[in-house]
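Asks: My structure is below; once you've seen it, I'll send some questions.
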């Protein structure tokens, strides 16, 4: 059984005390992007912890994006056909650079080094931090800029990971207010937004519509009450006269 931690917490009051869980799993493994369900019959009753992004289609698409990696001589040449690459005769001393899906890098990082994608390189990071919210055109960035960036943070070295994380946070905090303001424009195109930003944009538009509908409903009810009160007052006045 595959569950997110939030689902398990929500159902914890309904679970029997003898429910079996995979308690030996460390907190570090709980933070992995994906965990494959265990299909062995002897472990079928265990709860397998996964991150919430396990069920997030956007995170799945982002993790399937290709990133460049340099593989050293220790890499088994049989590995490359498994990722759709031609099997090399040998791996040179300087290493072999190929593009692989981002999700597989964590499993093979013992004999490969990731190349930071251009969208998260130092020059682009500096421009993101320096740009105003309206200047950042995400049309030239990966479609899942934030999701892929978070994954790259987990795969990169400590220095690059910290710098990328700061750039992602700066970009989002700079743009979120602008995105919420733009959501008031019903005909605005979202070409310059990342998928996360489009999600915020659509939710903000939906909330604005609900608020407008509620306000109109309250105004109509107020008019009806005013009209009803006016009719009662007129009736009482006519009786007194």
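Placement of Cβ uses the backbone N, Cα and C atoms for every residue, glycine included.
In TrEMBL, annotation is done automatically, which means it is predicted and not curated.
Just so it is clear, the model here is predicted, and its values are computed rather than measured.
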Asks: Tell me which range among 1-28, 29-56 TrEMBL lists as region 'Disordered'.
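Replies: Within the set 1-28, 29-56, TrEMBL attaches region 'Disordered' to 1-28.
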Asks: DSSP on the domain 'GINS subunit' (137-214): how many residues come out helix, how many strand, how many coil?
Replies: 59 helix, 0 strand, 19 coil
